[in-house]
């Protein structure tokens with residue numbers, strides 16, 4: 001491809017110095033607002049009990065109960081209330097000796113760090129855009145804008161204010177990708193292992209991480225070496241983390257209580273997914289069969305996704321993050337906020353989407369009905385569980401629409417990238 | 001010939017047993033003697049309310065190794081066999097309908113919770129869990145009650161609240177299990193098998209007064225059976241089993257009597273006269289407690305009693321001894337002369353206990369237990385024991401124990417023991433036991449929060465909109481001296497039960513499980529379909545013929561259409577052909 005045959009690079013005027021300054025101020029204000037709301041108001045207590053924001057495996061209220069049992073010399077996993085990772089217990093054990101302000105600072109810092117690493121990932125994406133191979137570009141990415149969008153996203157704000165422990169998973173997840181881009185196998189695999197340790201399904205990101213790591217290597221032997229090295233490192237770190245947890249608690253009971261709950265869906269507290277209701281209503285003799293079906297469902301997408309998007313590991317990350325958040329057994333708004341923060345990195349895809357306005361409205365409509373339906377069922381008693389279940393289904397459909405539309409937009413754009421002479425022409429598909 | 005042989009054999013056997021039993025009786029070594037005694041105590045609780053307590057006690061001597069003989073005289077075989085099979089040392093079961101109004105009636109000397117309370121002690125050398133479920137099932141059959149619903153997930157092992165009522169040697173190891181069912185309704189189907197355990201059943205004696213229609217038309221009805229081992233000798237080498245069956249019931253004379261007459265008698269209360277005493281009983285009497293104050297006679301007895309008895313200064317009993325046969329086919333009762341003077345003797349230990357639920361929706365809530373010590377001169381040492389079923393998640397870190405008088409209440413001086421066992425779904429309930437001291441004239445409050453669990457479809461009972469029952473909490477008041485009227489007067493504690501609580505849990509919809517399954521699977525399929533579609537799709541340029549001509553062949557060569565596809569140009573050609 002000759003460079004002069006490409007259409008010129010279009011720069012929108014939104015990375016002016018003034019705009020960048022505005023974004024920086026916004027970011028600082030958003031972080032300060034978080035700190036104040038977390039530390040002074042009672043909002044975290046209210047939001048911490050909302051089913052949309054916290055699940056049994058991310059609720060701070062339940063973590064505190066486990067911590068209380070742990071500090072009083074009881075087995076935190078005995079009662080079945082506390083079903084979270086032991087290292088979080090350790091973290092909060094340290095935090096409990098510090099003033100309350102540190103907890104607020106921790107949550108604010110986590111959100112700030114996620115925004116910072118998203119900024120770094122966006123810089124990688126911008127370099128990609130500017131590289132010869134990836135041109136033409138309609139819109140040049142503004143990395144600071146990605147961070148700002150992450151921080152201003154109401155889903156992120158709500159999730160942070162609810163003090164849900166999803167934020168630690170999100171941070172480690174973003175870190176794993178960041179270090180993979182930096183070609184740091186060790187740290188990348190450590191954070192991938194930590195993320196999987198905190199929320200089981202994150203282990204799928206070793207796929208995109210490996211693709212990032214072997215991106216610049218042409219030699220097959222080297223590629224294979226990196227793949228083997230990273231997988232073995234991942235396993236090593238995962239085993240080490242479980243080992244540390246064992247040393248901390250003195251038993252492997254947490255595996256059954258924590259990963260067991262994730263895999264067997266034994267806690268039927270409502271969340272924004274639909275598995276909780278499915279497994280409430282399912283007949284006992286079908287339960288095991290459907291558990292296998294649903295748990296394998298998330299795995300069957302991994303290999304096709306990796307094969308389909310192996311050229312652009314960042315887009316693969318977006319797809320896989322959205323897969324995890326839609327198919328994990330205890331999804332929450334925090335998981336959705338994570339994959340939504342990757343979408344602004346692909347701003348040029350927006351114009352290729354078939355129905356972005358429709359999808360956006362679908363999202364807003366269904367998410368605003370969630371608390372209403374829950375209220376009707378549990379608080380008013382005028383509705384029943386089906387109301388919430390149906391709106392969860394609608395919300396799921398909205399998510400499916402969003403991700404498939406994004407993938408289609410990506411495919412259309414890929415086509416145009418390969419055949420620049422057909423830009424702006426109608427496309428048929430097969 | 002053959003017949004003769006049978007007769008001769010049978011006569012031989014008969015003769016053998018006759019001689020053998022005569023020898024036994026004469027030498028008296030291996031003879032086991034069962035005994036039976038019956039008693040009815042009646043008194044006015046208030047102007048119009050009458051308490052009638054039936055007490056039937058049977059005993060049976062045990063063998064030297066404390067095992068049950070296979071030789072039953074009076075003692076019910078149904079109980080004996082159960083006791084033997086499940087290695088039961090003692091058991092207590094109570095069935096109660098209605099609640100004791102302690103503000104008007106004073107302290108209940110036979111304290112019971114609403115519904116069924118069931119606890120037992122077992123020989124610790126055997127598997128107690130197995131014996132406990134076996135006993136619950138067997139007792140359930142004996143009393144036609146749903147006692148078998150007290151499984152492991154509803155029972156507990158209290159540490160401080162309960163002490164065995166029977167007497168044990170030091171080397172005997174016993175283990176206890178406790179359970180209750182507050183939802184259990186008590187009615188005639190429980191009374192009939194209960195009466196069957198009596199040697200005369202309801203044919204003769206005081207049990208003849210037990211009339212189903214009258215007994216269940218009362219304000220309060222409590223029926224119980226207590227089995228304990230009792231020492232015969234001082235060294236406790238020989239023991240006997242003592243089965244005490246009690247019915248305690250409160251009649252509302254205002255409702256029963258036809259013309260507003262406050263007087264009452266066995267005939268007006270039970271609709272029957274005394275028939276006779278039970279011939280096998282060693283003790284058969286009816287006692288009427290007369291609360292005559294200041295030497296005035298408020299009552300006129302219809303029949304003159306055998307004798308008067310008085311245990312303490314205030315209480316005086318008119319005793320009718322039925323064994324004398326003087327009162328057969330007569331009506332025993334009182335005419336009330338001075339109804340204004342009839343006031344219940346307010347025996348009370350001065351402790352009020354309430355347990356209530358806080359929160360208002362089906363998401364989370366809490367319990368508040370208030371214990372008020374009204375005594376001005378006495379600190380009370382109590383144990384609070386509560387079994388909370390596993391369908392609520394109790395937050396241990398939300399526990400608040402406060403006292404109105406003592407600021408720093410939550411320390412070892414006041415809360416001596418604190419036992420907490422978290423619930424495990426389907427396995428065991430939350431068990432809470434606190435030994436504490438309530439200072440005089442103060443109120444202690446215990447507060448804790450819970451989350452309501454979302455259960456499996458099959459875990460909900462058919463009437464789940466009614467709510468889920470949480471049984472009564474047990475408050476044991478220690479270091480109390482008991483008197484007349486108590487089940488085991490030598491004990492030094494008394495129990496107070498709180499009201500049971502109903503918790504409403506969020507329920508799924510039960511009408512459409514198949515719809516839920518199909519809808520969920522549709523979403524899964526939709527997800528799979530959309531992703532499959534996106535992953536297998538290939539985009540190709542839609543090349544219109546005219547443009548193709550204008551641009552020349554070079555570009556079309558650049559993008560060869562996939563082999564198996566029908567290009568747009570081909571499509572148009574086909575359309576033209578049509």
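We number each residue from 1, going along the chain as drawn.
Glycine is no exception: its Cβ is also placed from the backbone N, Cα and C atoms.
Of all ranges given (A:44-66, A:389-411), TrEMBL attaches the label transmembrane segment to A:389-411.
Per TrEMBL, the listed range annotated as transmembrane segment is A:101-119 (candidates: A:101-119, A:120-138). By the Cβ criterion (distance under 8 Å, sequence gap of 6 or more), the transmembrane segment (A:139-158) is not counted as touching the transmembrane segment (A:77-94), fewer than 3 such pairs being found.
Cβ atoms under 8 Å from those of the transmembrane segment (A:165-181) belong to residues 58-60, 63, 84, 88, 91, 107, 110-111, 113-114, 117-118, 120-121, 124, 159, 187-189, 191-192, 194-195, 198-199, 202, 205, 208-210, 212-213, 313, 317, 321, 332, 334-335, 337-338 of the same chain, restricted to positions at least 6 beyond its ends.
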